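Residues or ranges marked as disulfide bond by Swiss-Prot: C65-C114, C158-C211, C263-C310, C352-C391, C436-C484, C526-C583. The domain 'Ig-like C2-type 2' annotation in Swiss-Prot covers 137-223. Annotated domain 'Ig-like C2-type 5' per Swiss-Prot: 413-500, in sequence order. Residues or ranges marked as domain 'Ig-like C2-type 6' in Swiss-Prot: 504-601. Marked as domain 'Fibronectin type-III 1' by Swiss-Prot on the basis of sequence analysis: 606-704. Marked as N-linked glycosylation site by Swiss-Prot on the basis of sequence analysis: N208, N258, N338, N457, N473, N494, N521, N591.
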Amino acid sequence: MKMWLLFSLLVIISFKTCLSEFTWHRRYGHGVSEEDKGFGPIFEEQPINTIYPEESPEGKVSLNCRARASPFPVYKWRMNNGDIDLTSDRYSMVGGNLVINNPDKQKDAGIYYCLASNNYGMVRSTEATLSFGYLDPFPPEERPEVRVKEGKGMVLLCDPPYHFPDDLSYRWLLNEFPVFITMDKRRFVSQTNGNLYIANVEASDKGNYSCFVSSPSITKSVFSKFIPLIPLPERTTKPYPADIVVQFKDVYALMGQNVTLECFALGNPVPDIRWRKVLEPMPSTAEISTSGAVLKIFNIQLEDEGIYECEAENNRGKDKHQARIYVQAFPEWVEHINDTEVDIGSDLYWPCVATGKPIPTIRWLKNGYSYHRGELRLYDVTFENAGMYQCIAENTHGAIYANAELKILALAPTFEMNPMKKKILAAKGGRVIIECKPKAAPKPTFLWSKGTERLVNSSRILIWEDGSLEINNITRSDGGVYTCFVENNKGKANSTGTLVITDPTRIILAPINADITVGENATMQCAASFDPALDLTFVWSFNGYVIDFNKENIHYQRNFMLDSNGELLIRNAQLKHAGRYTCTAQTIVDNSSASADLVVRGPPGPPGGLRIEDIRATSVALTWSRGSDNHSPISKYTIQTKTILSDDWKDAKTDPPIIEGNMEAARAVDLIPWMEYEFRVVATNTLGIGEPSIPSNKIKTDGAAPNVAPSDVGGGGGSNRELTITWAPLSREYHYFNNFGYIVAFKPFDGEEWKKVTVTNPDTGRYVHKDETMRPSTAFQVKVKAFNNKGDGPYSLTAVIHSAQDAPSEAPTAVGVKVLSSSEISVHWEHVVEKIVESYQIRYWASHDKEAAAHRVQVASQEYSARLENLLPDTQYFVEVRACNSAGCGPPSDMTETFTKKAPPSQPPRIISSVRSGSRYIITWDHVVALSNESTVTGYKVLYRPDGQHDGKLYSTHKHSIEVPIPRDGEYVVEVRAHSDGGDGVVSQVKISGASILSPCLLGFLLPALGILVYLEF
């Protein structure tokens, strides 16, 4: 009895020790001795950097964390490497998400990460920063006014208030919200510091300016006190050279980001801004703003690193600025870890490699805790090595995580999941591999037998390291039963299969080479012998790729007449169909192949290596390399061009005019100066015109002086003491260089000396000359020519125009007003005798409005009355009339006052019956009583019209009823409204027809309500 108790105690102690050891292994990490479907945590959502607006009304912020695991994971959070006390009422958990109530900058700003764990291990999320965003208001102090001479450059400082983060956007208000300044070549708002730059100040810049700052991160905007800008007039503005005042600094950018460089110059005339990458072509993703002041490079790459230059130039001088863009890269995986199962006692090298700039360092976590740095190699693994591993690659720009679970396997050999095939087929003379793949850990030893004979390696037989059996040069005697025996320290197992030998597959009719022209057909023959017990399939491939006959049935067809025939028909062959065709005859056991080449003759392929050299104003030299002639000699080349003005390619004139097929250089001539071009080259042979080359890089031809004169020169009219000159602006293609503008020359018709003025806006077609001594309607000769930095163009034809007339000096007389209704009056007057009257202007305003808010109506000079509509009822109005012409309006007439009538009745007549009587309907309604502020009812208007039409017969009556004829066909509408001195009131209507007396809605409403007995007649 004592021995039995002692034995039981030892068993219990041993069981507890084993159980505790098993539990320790199961806490973090897992050894597998049987099928295991559980797994450790895998993150599906991780926290991200979050900015919480300090003024947010929400009062809480969430950091997300969600992992998939079996069993379900448990979550906890850490901040600045310290555990978060989730028992505090400031924190709560929703699933794995952390919710912070009433966030406090002093307590809650920091770095957070989430831990997810189950009995397979623990993983740590990526780190996320919680910060607090704010944008303070501008100081309340008034900003001093700025005075600048016209023609001089200037800067208005924004001086944004304290803020976080830095991603502000800037705009400037002019005089009031929301009138924002539009940026152009003369005005620029820097998104770096918010300042407003004006290259040269004009009189039109006068106003009050305010810097408007927005923070997209916290959706808040503020604006500064207004800054008065006062341009000081100059008799003549002085030109001065370009001076770059907005300069970009060296930039460190991450690969994939968008980079913005700013460059703006002061100067008079307004400088042109050009960008280039020093010694290298500009990135293909670079874009330059319309004004030229901003260069944006989208999705920047490592090869975009380099020195960038901005050059500003006007006709007084140029300025340059350079800085470097350094492109670095966030860590990116080259090779990372994945969930892995390894046999107990084996070695493991777990590769984890990342690239980036700077080169990332590698560190490891195991179950959420620091474990190792650099390469990870495990030797003679045990269950203690199981768990959740994380490889972290990090550089100065951030970190990336790769998570994986390591399971340790210890299993006796078993073929339950992957037994050997019961029947294995192999062709005589061929090769076969019989797989033996049991599940076992550690790796077992392998033995093979055929029948009762043990197999060993020989010249024909090879047992692979993974246990597979390879037999070469198969004979009929190799058929039989094969068994694979496996054993490790956990147990033994075996599996058996039968090898059956078949006849080999052989090509007996091989395809032969063919030579055709584009559009012709070709046939590739193919036939094979094979084991009659098997099914034969033919597979055709083209240049190594299997032909998909479903997708490519337009050009490829097969002959299915005979099982042993795999003939291929190629229809309407194109150049792309030239190449090597391979026929493969295959069964489930073996295959045999044969190939042939197809030559397709056709138009030439695209020329290559196109280069542009010796760029001049109207010509460029091109060189290229010969492309494929597709088996027919090239007879000539054609150069084609495309400009920014059109998307169409056009044949260019060349020198020589005909480019022979043996040439690889020519010159494109008769080009437009200072125009952006692309070029391509097309080859031709006797079989047609080939594909064009890849277009060249865009180039700009050299500048030249304009050689086209503006057209449609004319003008005249305008305000008093003005000479207005107009012309049709030259389109962009005729500018020929930068700083394009116009020189306008004019003189009195009989004068000797031409007066010349310069107009710098290339898009304008108008100039107004003001001269207080100019006489009205004076004849002038005018002409216009274009200019740029290369020189002047020819003058246009001379046109004769007249200066503006004087405004009329007389006021209209006998102005009278007739009140028509509550919303309309009629105004009439005596005409002005002066011949220079072109129109009359009637100004009118209500007594409660200011005269400055007066409405205006313009009528032709032949009219002596006007109707004013949409007036307010029962309101006093003031009216005056002026005579006008192109120079302006003359003095006003005496002011006349009048009162509009009271408003018409607002209540519609209530129709009480619609009764048929013989051949007519009698419509009856209640009397409308006007309110105290409405005009008295003087009668009623009745409109009798077909339904769906606006016109009909109008009746007037003082009664409360009317008789209308019965419609012969269709429905009619009877509209009734009260009439008064103030106009017509609101309408009531009823529908009638030859078949019914009331609309259904009125019939159902009126008869019960009024107790009217109506006889229906049909």
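A Cβ is built for glycine as well, from the same backbone N, Cα and C atoms used for every other residue.
Secondary structure of the domain 'Ig-like C2-type 5' (413-500) per DSSP, as helix, strand and coil residue counts: 3 helix, 47 strand, 38 coil.
For C484 (disulfide bond) paired with N494 (N-linked glycosylation site), the C-alpha to C-alpha distance reads 5 Å.
Within the same chain, residues at least 6 positions away in sequence whose Cβ sits under 8 Å from that of N338 (N-linked glycosylation site) are A404. Secondary structure at C583 (disulfide bond), taken from DSSP and collapsed to helix, strand or coil, is strand.
Summarised by DSSP class, the composition of the domain 'Fibronectin type-III 1' (606-704) is 0 helix, 51 strand, 48 coil.
A mean pLDDT of 89 is what the model gives for the domain 'Ig-like C2-type 2' (137-223).
The closest partner of C436 (disulfide bond) among the recorded positions, by CA position, is N494; the full candidate set was C114, N457, N494, C526, N591. The two recorded residues N591 (N-linked glycosylation site) and C583 (disulfide bond) have their Cα atoms spaced 10 Å from each other.
Taking DSSP states H, G and I as helix and E and B as strand, the domain 'Ig-like C2-type 2' (137-223) has 3 helix, 39 strand, 45 coil. Of all the recorded positions listed here (C158, C352, N473), N473 has the Cα closest to the Cα of N521 (N-linked glycosylation site). With DSSP states grouped into helix (H, G, I), strand (E, B) and coil, the domain 'Ig-like C2-type 6' (504-601) comes out at 3 helix, 48 strand, 47 coil.
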